[in-house]
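Asks: Got a structure here, written out as structure tokens. Questions coming.
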Amino acid sequence: MCGIWALFGSDECLAVQCTNAMKIAHRGPDAFRFENVNGFTNCCFGFHRLAIVDQLYGMQPLRVKKFPYLWLCYNGEIYNHIRLKNQFEFEYQTKVDGEILLHLYDRFGIKKMASLLDGVFSFILLDTANRKVFIGRDTYGVRPLFRLLTDNGFLALCSEAKGLLDIKTSMSTPAKITPFPPGHFEAFDLKLTGKVQSVQMERFHCCTEEPKHATYNNLEGLGTDWKKELGFELETVKSNIRILFEDAVKKRLMAHRRIGCLLSGGLDSSLVAATLVKLANEEQLPYPIQTFSIGAEDSPDVAAARKVAAHIGSEHHEVNFTPEEGIRALEEVIVHLESYDITTLRASVGMYLISKYIREKTDSVVIFSGEGSDELTQGYIYFHKAPSPKAAAEDSVRLLKELYLFDVLRADRTTAAHGLELRVPFLDHRFTAYYLSLPEEMRVPKDGVEKHLLREAFKGLKLIPDEILWRRKEAFSDGMTSMKKSWYSSLQEHIESEVNDSELEKANTRFPFNPPTTKEGFFIRQIFEKHYPDRCEWTPHYWMPRWIKATDPSARTLSIYKPDKDQ
């Protein structure tokens, strides 16, 4: 996890603008560099470093002797950089994973470069020889990137929108700041004045397509006969799911810093943690894997996580959560998130506090997590109400494409706030493309259980306890709180005293875009507008369940929610 920031064609003195780069200092606590581009007095890069790979040469912008005209600033991890280096016989100057971008770009151009990267990334690549600027972002937007482009060709880029808010431009109205779309790259011509002009915006990968880099990675045992005319052979499918998932975890072990894992005690984080511990033992990592759970003492999540940790043999940490602490953290969490989506905020509070604990009390820096599984494997409770397998499959893809606005945004901002680096194996390009290629009927909830196929694939392996393998879905923000009184109800009580009925009645007038319909929504929106006035378009719509009349995104408020009484 790092923070990247760059300006091309700044309308204002760079010394004035560069203070904006400090607003994302939390993303890279290890080092900072600010560098002007020679020959272009109004272009510069700012970089906050979190050192994970190659402690010596990892500063950016990255430049190598072979390509003195290329400047690269990127935030991310390229898991297949050594495989590609060997495949194409590139000569490296550093051990930095990002160096592969320079070699691939030089040999194949920008589109093929982007499509061969197996990893998570946002990048800014400057080619002064051909006067081009390229920007791009990974398939699911696991790494963030925001852009600001003025009418006169001044381009500003940053990992978080807050680093662009106070950029001075010559425009009379504030310039739009937009998230860069995942799975795309954009090319700009760089004029001699340092200003740019966008000349190409193209998608290089979509989640339903097998990624181009899969060609260079033959996985042992991966069955190819699962598309037999007789239909999909279930045992082969289950074996493939296991092989691809394990590969997704294994490639993410690339780190020079200590690895840990968030463990809520739900299916997804438990599968990640168990696979991680298994592989860490095989790879003989010199330390035990630390797992972390957060919740009230009697919360279902904490009890379930404790069970899993004992089963897999991790060094387990429990962080006690109180609603009062959650309420105190609300405002700073909204500032980090740059979003006013209700369900995103609810789940972010716990993740923000657990990340704070990890940063202050442990030496784990690379943190694995279970994000993306609910979207991919149809894990939300509302999928039980899907009108057809086709509708469910389409909604699954919609959710995956919108992850960068919700769960992936939450996971990035809450961990980056404390200088941690997040890894999400469920969003592995190859694993997701394979899962989405399976027949629609195979992926829907079965026998009243969501994510049936995923559970079935790991059945009988004793990887995690059986009662966890078949544990029902709990929203993180619900499961981490006391059974007697949830975080949700404590939050509602607090807000009841903060927002009165007449304020809510006028919400439509005060917030015409995405007007809040509840006091909670109003309360969150008020705080958001205080810090980010007139930036409501950053949350294009609220996350809500489909196919049921829902007025609240919490699973516990849905009539189809049946918590497991015995867990």
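Placed from the backbone N, Cα and C atoms, the Cβ positions cover glycine too.
Sharing the feature lines straight out of TrEMBL:
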- 2-191: domain 'Glutamine amidotransferase type-2' (DOMAIN)
- C2: active site, for GATase activity (ACT_SITE)
- D97: L-glutamine binding site (BINDING)
- L262, I294, S369, G370: ATP binding site (BINDING)
- E371: site 'Important for beta-aspartyl-AMP intermediate formation' (SITE)
Asks: Check the domain 'Glutamine amidotransferase type-2' (2-191) for me and report the mean pLDDT.
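Replies: Summarising the domain 'Glutamine amidotransferase type-2' (2-191) by its mean pLDDT gives 95.
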Asks: I'd like to know which of the recorded positions D97, E371 has the most other Cβ atoms within 10 Å of its Cβ.
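Replies: Answer returned by the neighbour count: E371.
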Asks: Can you give me the Cα-Cα distance between L262 (ATP binding site) and E371 (site 'Important for beta-aspartyl-AMP intermediate formation') in Å, rounded to a whole number?
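Replies: L262 (ATP binding site) and E371 (site 'Important for beta-aspartyl-AMP intermediate formation') have their Cα atoms 10 Å apart.
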Asks: Cα-Cα separation of D97 (L-glutamine binding site) and G370 (ATP binding site), in Å?
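Replies: If we compare the Cα positions of D97 (L-glutamine binding site) and G370 (ATP binding site), the gap is 24 Å.
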Asks: May I ask for the distance between the residue listed as 'active site, for GATase activity' and S369 (ATP binding site), taken between their Cα atoms and rounded to an integer number of Å?
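Replies: On Cα coordinates alone, these residues lie 18 Å apart.
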Asks: Just counting, how many other CB atoms are there within 10 A of the CB of L262 (ATP binding site)?
Replies: 27
